[in-house]
Every structure is written in C-alpha cells, then in structure tokens.
Amino acid sequence: MRGEESLRILVPTEGESLPLMDINTCETEAPELWDYVLVVDRRTQRNPGQVQRQRQFLEELENQGFCYKAMEDQEKEFFGIRADNRIFDRYRRLMEPEDTVPRGELSRPTSIQVTNRIRIVNFVLNNKTAAGDTLQDLVKDGVFEAGFPLHKGEEHLKKKWARWRSMFQRQPISDIRDYFGEKVALYFAWLGWYTYMLVPAAVVGLIVFLSGFSQFEASQISKEICKAHDIYMCPRGDHNRRFQRLSDTCAYAKLTHLFDNEGTVLFAIFMALWATVFLELWKRERARVVLRWELYGWDEDQEEMALGLINYPDCQPRLHQHSYLRSTVILVLSLLMICLMIGMAHVLVVYRVLAAALFNSALPFLGEQVTTAVVVSGALVHYVIILIMTKINKYVALKLCDFEKPRTFSERESKFTIKFFTLQFFAHFSSLVYIAFILGRINGHPGKTVRLAGLWKLEECHLSGCMMDLFVQMAIIMGLKQTLSNCAEYLRPWLTHKYRSLRAPSQDPELGHWQRNYRLNPVYTFSLFDEFMEMMIQYGFTTIFVAAFPLAPLLALFSNLVEIRLDAIKMVRLQRRLVPRKAKDIGTWLQVLEIIGVLAVIANGMVIAFTSEFIPRVVYKYRYGPCRRGAQSEVDCFTGYVNHSLSVFYTKDFQDPAKIEGSENVTECRYRDYFSAQDSNFSEQQWFLLAIRLAFLILFEHVALCIKLIAAWFVPDVPQSVKNEVLKKKYRRLEPKSCRSKSTDV
C-alpha cells in the first residue's frame, strides 16, 4: 500500500494457539519498539520478480509471529519489523532450566533485553525461509537495499563514553553490554585492560631507550667510531663507488646505541614476562566479568540450537563433519598464499636494490644518504603493500572458510580468524624477518659480491648495523598504521555520514528516526572482527621485535587511548547499530595472543643473538678485550672493539680498483664481519661467535619460556572468589531438588 502505513495482522501457525492481536497494535506502537528496519530502493523495484520475492519474505515473517509497518519517502520504502513477545518467551523456556524459574512463570509473558530481541530477530531474518531466501540473499539480489536494527536509547553512551573528552575516563562496560551485547563489551573490556597493562611496558621501554642517552657521549664504541678518521670502509654498493671514513657514521653510531645497548636483553625478557602476566590477568578479569553477567554456564551450541528451534520447531542440529580432502585443499592453498606473502618480501628486496641505483643516478644530491632514503622509501612501499594485501587476504580467507563449510557462524568466525591472521602476519612481518636475519648476510664480501640477475649488487645493512634498518622499518610502519590508518578509519565514515545526512529527515518522528539510522554507515558481519585484527597486529608489533624498538609499547599506549574513543564514536554516532552477540570470552583471539607471545620470545632472542651487537660486545669483553683477565679501572673494557669487529680487505684485490674513487691512496679498507684477510674465509672468531650466538639463543628462549610457564602457573586463570561463587550457585540450584526428594521419600 503506497502513501500510507500498511498493517499486517499476526496469523497463528498450525498447531499453535496464539491470542488475537489488536488490529491497531502496529500503528500505535512507539517508534523505539521496532526491532528491525528493512529498506527498499523504490527506483530499483521495477522487476515483478523482485516485488514478488519481497512479498513472500514478508508473508513468511507474518507466519512466524512478526508484524511489520511500511512507511515511505520519495526514494525509499521502509519496513519496521517487530516480533511478538511469545517468540521471546519461547527462547526463555529453551535457555533457562525449569528449576531456576518458579512454576507458573515460564508461561507468563516477560520482558526481554533489547540485545536479545535484536539477536533473535536477526537470526530469524538471516535463516532460510520456505522459499529458500535469507535477508542477506535478498540484499545481494537487490530485493532489499539494507536491513539493520535501530539505534535507540544511546544518549547516555554518547555523553559518558563516545566522545573525545572522555578519553581518560573509565569505560562503562556494563552499559556497553546492555546496548551492544556481550561480544562488543568484551572487546572494549579487553582493549581497556590491554591499554592499562601497556603502562608498565611503556615506562620500562622508555627507560631502556633513555638509558642510551646517558651513554650517548660516554660510550667507548661511539668514541672510537667518531675518532676513526684513518679507517676507510669498503664501497658498499654500485651507487657508492668510493671509500668512506668510519668517522662519518659517528652520528648513526650514537643513535644506534639508544636502542642497542645492554638494557635490550633485560627488556626483551621483561616483555616475555609481561605478555604472560597480561594474558593471565586478563583471564582473571574476564572470569569476574562473565560471573557478573551470569554467563558462566552459558553454552554457545545450546544458544545456536535454541535459536534454530525458535525459527523452525522441527529444526535439527547441524552435526560436526570433517573432510580430509577439503582440509588438504585448504592447507595447500594456504601454503601457496603464505609463499605469496614471502614473495612480496622478495619484491621489496628487488625494490630496494633498484631504488638504490635509481636514487644514485636521479638524485645525486642525496650523496651518502642514499641508503637512508632507500630504507625509508622501502618502509613506505611495504606499508602500501600491506594495505593492498589486507584486502586480498580477507577475500582469500573468506573463500577458504566458505569452502570448508563450517557448521555454525561461531565456527566460521573462528576458522576465518585463523586463516586471515596467518596471512596478515606474513604480510606484516615478512619484510621485518628479512631485514633482521637476512639483509647483509648473503651479499658475499668485497671483491666477491652476490648480484641480482648478475647486474645489481644486493643491498647491505647500514654502516651502523642492521639494527638501525630494523628500527627505522618498525618505526615507520607502526607510526603510519597508528596515524594514517586511524585518521582514515575515522574520517572516512565521518565524511560519508555527513554527506548522507545532507538531506533533511522526514517531519514524521518515526520515519525521521528510521531515515537517520539508514543514513549512518553500514556495518558488516565482520565489522568487530576488523577491530580485533587491528589490535592483534599492533600487539605483534608491541611484542615481536620489541628488542629492536623499545618505544613500541609507548606508541601502542598512545594509539589505544585514541582507538578506544574512535571505535566508540564510530559505533554510537557514525555507524548503524551492530547486531548484539552473546559471548563469554574473546574466542580464538586468546589463542592468537598466546601464539604471538611465544613467537615474541623466539624473535627477540634471534634479534639479540644475530642482529644486535650485544653478543659480539660481550664476547670481546671477556675473551679478546683488555678486561679478559679482570676489570681494569684505567682502561675501558671495550677499548679496541671497533678495530676488532671490522675485517680487512686489500684494495688491490678489487676486480676494477681504478673505478673506485680514491683507490690510489688507500691500500686496505674495512667491512663489518669476521673474515680472514688472506683467503676471505670465516675466521676463528666468526666460528666462536656463531657458537656463542646459538648457545645464547637456546638459553634465552628456554629461560624466557620457563618464566612464562611459571608465571602462568603462579597466576590462576580464575580467581578463587569466582570459583566459590559458581560453587554456591550450583549448590543453591541443587538444594531445592534435594528437599523435594526428601519429602517424596517420606
């Protein structure tokens, strides 16, 4: 019916006795009592088949106990959907044990939380009707343009939570749960707890970084580098065909010491302990929250089956299935995608090699800063690759997940989480692995270099060491993700909402309310998933390779303070209402956090052992330096370390020494490594150093993992108070049964 409100009367299904509804119920209901709104674009409704499918869908809803009301403006037609309370009473009878509800109250109509109403209605709408259509199918086919629950009663969240001035205030987690459901509330509870726990990590990381300033001028190694005017470094690439004084790297040597000092090892061990304590304390906090929400005995499978029975009384549970063939195909395809991610790291290698040659010829004014320019531009290219591969990875992960045919939505989300995170992990960290453990180690040595396609010399680490390259790469990627990405995350929906809101809403308060909700930004099935993924990648940057970037926790702390309010403003002010979902934990993300914690121990151990100068300095101090027979007050223990750590190469052994500027005045040059000057083979120091590196790596990882295990054992996952309260509730549930049993026996 066009131009006026349409009324539909609830029709009882066969075998079910329902009281008659008042014919004016839908007309007289207040606007805030509608559970869902469906939108139709009138300009596209020219196909009779689409109109017929629309009518069939609405009639099917009528038969299931729904009523709807149609209203329209010049372009859109809106259908307000509301379920009868008997549907929700049926849900209560299925989910609550009879012994917890007094007799007679199960048949009495009762109020139900708005979040439960929306969740149940959304489940019914998105399950197949008799015609085989779901709401999602109809939206894809253009029968409906959109379907969404309405924002209603969100003013208190806008005042207390979803605004920038509340950045340092405590989050109203209970109010968030009452409005968005347990899943969203648990996300913000976890994010708030993570941010709170970042404070000690950020403070310790800042102290480690600032401790380098105390030795900025006092470091013996930096002093020797700054005074090494007579030590010439070998040409490092085709773009730099001249010898460079070691003293020219004085500033970089001092900067490198800020994050590559003795405190790095202690900070890496501290972060391994911190990651474990953070997870264990979160488990305890989650247990308290779940007990307060009375979800300790809630079962997700029972919830899925109850919703299915509400939708169709003859619904049968979907049984667990497993196909080895399907799993094998998914494994092979996942490995191919991982190989592609690793290949993208090789693309970055090729870019850096070609960029070095291009910058040297096209930008001669860069001079000695060509390497720095290549490192910075390489990090920017990596950031762009991450943005592109994120979209590709999500598409591939969804297709793999659909091919696996998960049983329920929760199982689908869990499988999607594993696949998408794995692909994203390789996309974000493959280049960091290359810089930390491969860059500069497969280049050969002066006089015998490895070339790409036989033409371009492979890139080497910065003269001050590979830690500088790793630090710059992490700082740029993490900085861009927490600035540009956050700005885009806020500005895109804000600008879109402003544009969509240019048209004034209807004068009718009910229609105007529906229009305002429609003009908000749409949300998708995995909208909350994207927020979790963003935080998991940040958590990876905060813990993995933190030995090379001790400021990562501090940057994460500042970013999270903004992220909490940004997400709150998006969800309350800029986006349509998320469909509430029940949950008693953060699901698969907890296992992801635990995996990241283990990888962090391994990666930081390898960074300290193979990338930093910590092991060579310690070996020199106790085996080759002036303090090998005991400390001497008049001599610094690292005196002579710079000369000891540089190998010698005779310039006459260059294949084309005449092409090197200044070669007639230099007879030997130095390079970072431990090769013999006579035959260019590994020296005795190199083999001894390699053995110490491996021994340190094994010792570090075992000590750190033992500390993690001890901390996990020492801090129980569930507080004793929570266990006791659960025990008391079980007893109170059993006690009436025991009394009835005694009276029956008598």
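Glycine residues also receive a Cβ, built from the backbone N, Cα and C atoms like all the rest.
Keep in mind that what you see is a predicted model, and the values were worked out from it rather than measured.
Checking the ranges 370-389, 690-709 against TrEMBL, the transmembrane segment annotation falls on 370-389.
Remote same-chain partners of the transmembrane segment (586-610), defined as residues 6 or more beyond its termini with a Cβ less than 8 Å from a stretch Cβ, comprise 186-187, 190, 264-265, 268, 271-272, 275-276, 279, 283, 286, 410, 413-414, 417-418, 421, 436-437, 470, 532, 536, 539-540, 543-548, 693-694, 696-697, 700-701, 704-705, 708. Model confidence over the domain 'Anoctamin dimerisation' (108-173) is summarised by a mean pLDDT of 84. Sequence-distant neighbours of the transmembrane segment (184-210) (same chain, 6+ residues past either end, Cβ-Cβ under 8 Å): 171, 173-174, 176-177, 258-259, 261, 263-264, 266-267, 270-271, 274, 277-278, 281-282, 285-286, 289, 528, 531-532, 535, 539, 542, 546, 550-554, 556-557, 560-561, 563-564, 567-568, 571, 578, 580-581, 583-586.
Two recorded stretches are said to be in contact when at least 3 C-beta pairs lie under 8 angstroms, sequence spacing 6 or more; the transmembrane segment (264-282) and the transmembrane segment (536-566) meet this definition. Using DSSP to sort the residues of the domain 'Anoctamin dimerisation' (108-173) gives these counts of helix, strand and coil: 28 helix, 3 strand, 35 coil.
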